[in-house]
Amino acid sequence: MSNQKQAEEAMVSINDAGLEEKEEVSNDESGFSLKSVLWHGGSVYDAWFSCSSNQVAQVLLTLPYSFSQMGMLSGIILQIFYGVLGSWTAYLISVLYVEYRSRKEKENVSFRNHVIQWFEVLDGLLGPSWKAIGLAFNCTFLLFGSVIQLIACASNIYYIDDKFDKRTWTYIFGACCATTVFIPSFHNYRIWSFLGLGMTTYTAWYMTVASLVHGQVEGVIHSGPTKGVLYFTGATNILYTFGGHAVTVEIMHAMWKPQKFKYIYLFATLYVLTLTLPSAAATYWAFGDQLLTHSNALSLLPRTPWRDAAVVLMLIHQFITFGFACTPLYFVWEKVIGIHDTKSILLRALSRLPVVIPIWFLAIIFPFFGPINSAVGALLVSFTVYIIPSLAHMLTYRSASARQLSLDSEIDFAILSPLISSTAEIWKFIARDENAAEKPPFFIPSWTAMYVLNAFIVVWVLVVGFGLGGWASMSNFIKQVDTFGLFAKCYQCPPSPAAKHR
C-alpha cells in the first residue's frame, strides 16, 4: 500500500474508528443480527448496489423513446460517452469529499451525527458563493428527480390497472412514497438497493427478450434522427440517465471507508450499460418510430404476466429511487429547522413530511413522462453532475501548493503508527501541509491533462447539454403543455373500454 493511500484512510476513517470498533464488538457479542444484515450497510458492496440501483430506474423505460428520436447508432454511442463522463465526475466528487472531510477533521470537527452533503463540500473548499450555487442546483434536481419517480409510478400502474386515470394514481402513490420519511439515512438502504437492482435487471432483460420474441411490427420504420429538436431531446435524456450521482456524497458518507468509493461509480456504470444498451436497442428495433408517441416502452409490449411482473417490480423500484432522491432533501430540511442531529426517528419523520408536498403537487402539474427527463437533464443535471464538479476540482487544485502531497515519501507508517496514540497526534503527523491532494489516476499522465479533460467536460456539457439540449428539451416540453395542458388527467393514455363505459 502506498503512503498516499494510507494517509487517505487515516484522514477519513480515524474519527469513526472507535465507533466502528464498538459496533463490531457489539455484533460479535450478539451473534448473527438480521437487523444489521438488512438495515445497516456501509461496505463497498453496499455503495455499489446503491449507485447501480439509483442510476437507472424509470429512465430505463424511456431510453427506447430516446433511440427513436436520435437513431440507433447515436443512442449507443452517447450512452457509452455519457457513462464515461458521469463516472469521471463521480470520481471528482469523491476526491473533493475526501479533501473536505480531511480538512474538517484536522479542525477536530465530528460528523458522527451529521451527514455531509455536496453543498457543504463546496462551501468548505470554495466558499459560500459556491455553496449557494451547489445548494440551488442540487436541491432543484433532487426535487424534480423525485417528481419524475412519482410520475413514473402513475404511468406504469396504469398499464395493468386503468380503472383510475394517471392523475388519480399520482395521488395514491404520492401518499405511498411519503413513507420514505421513516428511512433515516443511506446506511439503511442496504436491502432496498439490493432488491432494486434485481428489479431493474429483470425489467431490462424482459424488455430485451420480449421485444426480440415479438419481432418487428408490420411496416416498422426507423427514421431517426429527423429533427434537431428530437435529436438533442433524446441526447439530454441519456445525459440525465448517467447523471444520477447527485447523491454521491451522501452514499460516500454512509460508507465505513469512503475513500474506497473512487471507482465504484465506474463499475456501477459498466453494469448499468449491460441493462440499458440491449433493452433500448431491442425495443427500438421492434417498434421503431411508434416509440415517438410512446415515451414509456412498456405501453407497446403486449400484456402478459411477464410484463405485469415488470410493471410491479418497477413500481417498487421507483418507490426506492424516490427515497434515494428525497433523502438528501430531507437532510437539508432537517438542517434548516435545526433537528438534523436528533436521534429520534419519529421526530425526523414528522419533520420531513412538508418536503413531500411540493413534489406531489409538481407531479400533478407536469405529468409528462419522458419529456420531463430531458428538461431536467439539460437544465439541472448538466450543471449539478457535470459542470460544477469539474469546475470545483479545477479551482480547488488550481495552485501548486494545493496539489502538493502532504506526506514525505520517507514516512514508514508500519513503524510509526504504533507510536501514535490519539487522533490529535495522528492529525499533527499526517497534516504536514494545509491540503492533501489526490494524485491524478494512473491513466491521466499529469495535472495538465486532468485540467484539459475537466475543461472539455465543462465546455461540451455547457454547449451540447445545456445549450442545444436545453433548447430542444424545452421546445418539446412546451409542445407537451400545448398538446395536453397542465394538470393533464391522463397523459398519453390510449382509449380503453373501461373508460368508454364510465
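Just so it is clear, glycine is given a Cβ too, placed from its N, Cα and C backbone atoms.
What TrEMBL lists as domain 'Amino acid transporter transmembrane' is 40-405.
Taking Cβ pairs closer than 8 Å, the transmembrane segment (76-98) reaches residues 8, 11-12, 51, 63, 70, 116, 118, 121, 125, 235, 238-239, 241-245, 248-249, 252-253, 258-259, 261-263, 265-266, 269-270, 272-273, 276-277, 280-281, 385-386, 389-390, 392-393, 396, 438, 441, 453-454, 457, 460-461 in its own chain, all 6 or more past its ends. TrEMBL lists 76-98 (among others) with the feature transmembrane segment.
Summarising the annotation, TrEMBL assigns transmembrane segment to 135-157 (among others).
Annotation comment: TrEMBL describes 169-187 (among others) as transmembrane segment.
What TrEMBL records for 194-217 (among others) is transmembrane segment.
Long-range contacts of the transmembrane segment (229-251) within the same chain: residues 47, 50-51, 54-56, 59, 62-63, 65-70, 74-75, 78-79, 82-83, 85-87, 89-90, 93-94, 97, 115-118, 121, 138, 141-142, 145, 185-186, 261, 265, 269, 272, 276, 292, 324-325, 327-328, 331, 370-371, 373-378, 381-382, 384-386, 461, 464-465, 468-473, 475-476, each at least 6 residues beyond the stretch ends and with a Cβ under 8 Å from a Cβ of the stretch. Under the heading transmembrane segment, TrEMBL lists 229-251 (among others).
Marked as transmembrane segment by TrEMBL: 263-287 (among others).
Annotated transmembrane segment per TrEMBL: 309-333 (among others), in sequence order.
As annotated by TrEMBL, transmembrane segment applies to 345-369 (among others).
Taken from TrEMBL, the feature transmembrane segment applies to 375-392 (among others). Residues of the same chain lying 6 or more positions beyond the ends of the transmembrane segment (375-392) and with a Cβ under 8 Å from any Cβ of it are 85-86, 89, 92-93, 96, 122, 125-126, 130, 133-134, 137-138, 140-141, 144-145, 148, 236-237, 239-240, 243-246, 454-455, 457-458, 461-462, 465-466, 469-470, 472-474, 476-477.
Under the heading transmembrane segment, TrEMBL lists 451-472 (among others).
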Q | Within-chain partners of the transmembrane segment (135-157) [C-beta distance under 8 Å, separation at least 6 from its ends] | A | 57-58, 61, 117-119, 166-167, 169-170, 173-174, 176-177, 246-247, 296, 298, 311, 314-315, 318-319, 321-322, 325-326, 328-329, 332, 358-360, 362-363, 366-369, 372-373, 376, 380-381, 383-385, 388, 491
Q | Chain residues outside the transmembrane segment (451-472) and at least six past its termini with a C-beta under 8 angstroms from it | A | 85, 88-89, 92, 228-233, 235-236, 239, 374, 377-379, 381-383, 386-387, 390-391, 393-394, 444
